[in-house]
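Starting off with a structure, shown below.
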Amino acid sequence: MTKIREIYRCQICGNVVEVVNPGAVLSCCGQPMKLMKENTSDGAKEKHVPVIEPIEGGYRVTVGSVEHPMLPEHYIQWIELLTPTDVLRHELKPGEKPEAIFMTSAEAKDVTAREYCNLHGLWKG
């Protein structure tokens, strides 16, 4: 069974799906989709773990303590800010800065961020 807010990826075509309504096993290209693990550390941590900074009226999320490359072959596809009641997503393209501003009144203790790298998968901070 899938759970709300889980991220799945097709191992054949690369399709990425976020679960909005939990339910049955997801499939794509005739195969079950793979649940993406929310990475928090490994050798590439400094370029992948989202960093949340409180700003007036919300939060700035940057990807990594060292700026992540944003090349056509290697880039951050999206950044999300998660609150107890909302999922706020900012989609990115190659060449853009790997950061996003999210306006929300959610308290800092209640927010987390995650991002998706086209080569290295899902990261949470």
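Yeah, the Cβs are placed from backbone N, Cα and C, and that goes for glycine too.
According to TrEMBL, the record shows the following:
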{"type": "BINDING", "residues": "CYS10, CYS13, CYS28, CYS29, HIS48, HIS68, HIS74, CYS117, HIS120", "note": "Fe cation binding site"}
{"type": "DOMAIN", "residues": "5-36", "note": "domain 'Desulfoferrodoxin N-terminal'"}
{"type": "DOMAIN", "residues": "41-124", "note": "domain 'Desulfoferrodoxin ferrous iron-binding'"}
Three-state secondary structure of HIS48 (Fe cation binding site) from DSSP?
helix
Using DSSP, what's the helix, strand and coil tally for the domain 'Desulfoferrodoxin N-terminal' (5-36)?
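The domain 'Desulfoferrodoxin N-terminal' (5-36) comes out at 0 helix, 12 strand, 20 coil.
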Just jot down the residues in the same chain as CYS10 (Fe cation binding site), at least 6 apart in sequence, with C-beta under 8 A of its C-beta; none if empty.
VAL16, CYS28, CYS29, GLN31, MET33, LYS34
Where does HIS120 (Fe cation binding site) sit in DSSP terms: helix, strand, or coil?
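Coil, per DSSP.
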Starting from the Cβ of CYS28 (Fe cation binding site), draw a 10 Å sphere and report how many other Cβ atoms land inside it.
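Other Cβ atoms within 10 Å of CYS28 (Fe cation binding site): 18.
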Count the other Cβ atoms sitting within 10 Å of the Cβ of HIS48 (Fe cation binding site), across every protein chain shown.
27
Other than its own, how many Cβ atoms are within 10 Å of the Cβ belonging to HIS74 (Fe cation binding site)?
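Neighbour count, Cβ to Cβ under the 10 Å cut-off: 14.
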